[in-house]
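Pulled from Swiss-Prot:
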type	residues	note
ACT_SITE	His302	active site
ACT_SITE	His348	active site
ACT_SITE	Asp403	active site
Amino acid sequence: MSLYRISARKLSEAQKLPNVGAYVRMIAADGKSLRDVLAAKVPQEQERVKNFRKQHGATKMGETTIDMMYGGMRGIKALVTETSVLDADEGIRFRGLSIPECQKVLPAADGGTEPLPEGLFWLLLTGEVPTKSQVQQLSREWAERAALPQHVVTMLNNMPTTLHPMSQFAAAVTALNHDSKFAKAYSDGVHKSKYWEYVYEDSMDLIAKLPVVAATIYCNTYRGGKGSRSIDSSLDWSANFVKMLGYDNAPFTELMRLYLTIHSDHEGGNVSAHTVHLVGSALSDPYLSFAAGLNGLAGPLHGLANQEVLVWLRKLQKEAGNNPSEEQLKEYIWKTLKSGQVVPGYGHAVLRKTDPRYTCQREFALKHLPEDETFQLVSKIYKVVPPILTETGKVKNPWPNVDAHSGVLLQYYGMKEMNYYTVLFGVSRALGVLASLVWDRALGLPIERPKSFSTDLLVKMVQK
């Protein structure tokens, strides 16, 4: 990979990273659009994957056990996802960069410190760190693409406010496929080598429209339909979202930038990411694929964790007060565990240390709301829970994950409607899964079709 131009500020930041050489090579050449950069990358990556498969296509990557098959395919090495890799000790890496590294090198808004999600999307899609001007260009492009077609506006405005926000969200995204460029191109017989270009266009349109859809749902469901639906082209993606939600608070806008960045991607095996990949492999357009992923995200085992943390915290506060002692906390935690429940927000299927997504939210809280009672309670719990979980001997990871903190921050800034939190998660997750979907089509990945077995057949196989 050739060296790209790098500003003095970026070089200074890069020198703080452990792999300076790799980072410098990742700086995008200023002046090029996202599509230009991606178009140059696609043939290079196609050739690299082609040669890699030619040389190592028969290499075995692991074995599958009966328990893996019955256990949600946990641990089976079966998917290729270019955008992120989850390290058990360091947490998620977006194209090789950890969250702290992303916070250092991705462009922030003027006067802000948190990375702009536009920069993260550029990184996920291209593997390169964009310049600030490129991120600003992307913000403007999304603003230009953001308008909703009238049939979707009408549908949203006629949905019952009692309908769950995620149901409204998935329905609206599905309806947006009326204008899918990929679906039209496929119907017109476009060559498969061009699929990625139309998936890219649909993905850009969809990401641009998501804040408008999500804000409309919020205002209709919780604000009696009041609120702005207008996009300000001078604002970034997150700032426009916050404005349309009806909030006018600079720290909350910074929180939203952080939230939308850190929830964007988490490898390809989680339910929402895998669903988008699976449905997209049938050449369903990005709207249908992402809507399917949203329906997976709506499941309580995937997207409701931060709500469960808040419910648990409220029960704790009701029983032990807002400022319980460590002994009171220990007593309540043991009570939770002995009743057969888990402590929500603690543990992770892959991570074996504190989730860096938790850590960056904690750092945000220490900066912006250090005196908040609920944050202080969360800090006490962070001190008390891990030793107790370790003592039980049943938990591989006793440390907090991203969900242990996010709900508390949203509550602090006035967003108390917990049923809406998964919509925020969905807006963020679009960045990762749609970047992956573009690469699925660029690399020509086929329809997904694993082999399944019945229990009777498995019994016969092991008896041989």
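Backbone N, Cα and C atoms are what each Cβ position is placed from, and that goes for glycine too.
Note that the structure is predicted; figures quoted are calculated from it, not measured.
Swiss-Prot feature annotations superimposed on the structure.
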residue	record	Cβ neighbours (10 Å)
His302	active site	16
His348	active site	21
Asp403	active site	25
Secondary-structure category, per DSSP, in which His302 (active site) falls: helix
His302 (active site) to Asp403 (active site) - Cα separation in whole Å: 11
Structural state of Asp403 (active site), classified by DSSP into three states: helix
Asp403 (active site) versus His348 (active site) - Cα distance in angstrom: 10
